[in-house]
Amino acid sequence: MLKAHTPACELEISLSGAHVTSWIPKGHSETMWLSPLATFTPSSHIRGGVPLIGPWFGHGRSGNEEPQHGWFRRAQWALTSLHVDPNGVVTAAFDLEERRHYPGFEIGAARLHVRASATLELSLTVTAGELPLELEAAFHTYFLVHDVREARLEGLAGVPFTDAARGRAAGVGTENQTFAAHTDLVFEAAPPLVLADPRANRRIEIAQSGANRTVVWTPWREDVASTADIPDEEWTRFVCVETAVSEGGAVPLAPGEAHTLTAHYSLTHG
């Protein structure tokens, strides 16, 4: 586990999955939700924080790929560089160590670059191996909120979505997406967003690049009951806003070609 405590922020990243589990910028409280039941054992995935999804999303375009959401979040990553500047800005890079062999998913290299201070920027660069690759990837970020029923997501007005929780029904986003039930919406764009949490007096600004989908997920009480690593009472305390290339937005890569997916988070009071 990499732990940094600087004048600009506090940051924790597990080498299992190159997984950000905590980010606390100066002047703010914890930004990431991490399950009290999260496990950190090899080959498992950590519930909460920022899981790295890839090289497929869900069960892939075929619907049959295992494990769910690919192996990036379950693999060991190597810390290959680390620097803290005089202002407390942390920069780090992690390289994928494991090369798992799945037909159609040959990875030449994968690197996560992290820059943490008053803001957090994550950039995942995936390079195809010797064969073409249809890349799906995401930052499956679990944001901590006071109560998901009072939070809202701004910036998705007019964006088409597919509702994966309701038979893949089609819909169009509103300027203020609120949460009143199990939510699993796949928006067909990745615009700038704001997650407003009025009870916490906080607004999280989300900028996305190299992405073509935004996935918004919260399980609600019924679904948490069947999820072993989320306590029953925790469902109100998080919402996932995922920066993605997935769900019909896979990126075709020629052998040796690379794609970079970036998410940038900043906080304000309000």
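For all residues, glycine too, the Cβ spot is worked out from N, Cα and C.
Long-range Cβ proximity for His140 (active site), meaning a same-chain Cβ under 8 A and a gap of 6 or more residues, is found for Val50, Pro51, Leu52, Ile53, His69, Arg73, Val215, Cys240, Glu242. The active site annotation in TrEMBL covers His140 (among others).
What TrEMBL lists as active site is Glu242 (among others). Cβ neighbour count for Glu242 (active site): 25 (other Cβ atoms within 10 Å of its Cβ, all protein chains included).
Feature annotation from TrEMBL assigns substrate binding site to Arg47, Gln68, Arg73. In the three-state DSSP scheme, Arg73 (substrate binding site) is classed as helix.
Taking every pair among Arg47, Gln68, Arg73, the residues listed as contacting substrate, the largest Cα to Cα separation comes to 13 Å. Shown in sequence order, Leu34, Ser35, Leu37, Ala38, Thr39, Tyr142, Asp229, Ile230 are the residues of the chain, 6+ apart in sequence, with a C-beta less than 8 angstroms from the C-beta of Arg47 (substrate binding site). Taking each of the binding-site residues Gln68, Arg73 in turn and counting other Cβ atoms within 10 Å of its Cβ gives the largest count for Arg73.
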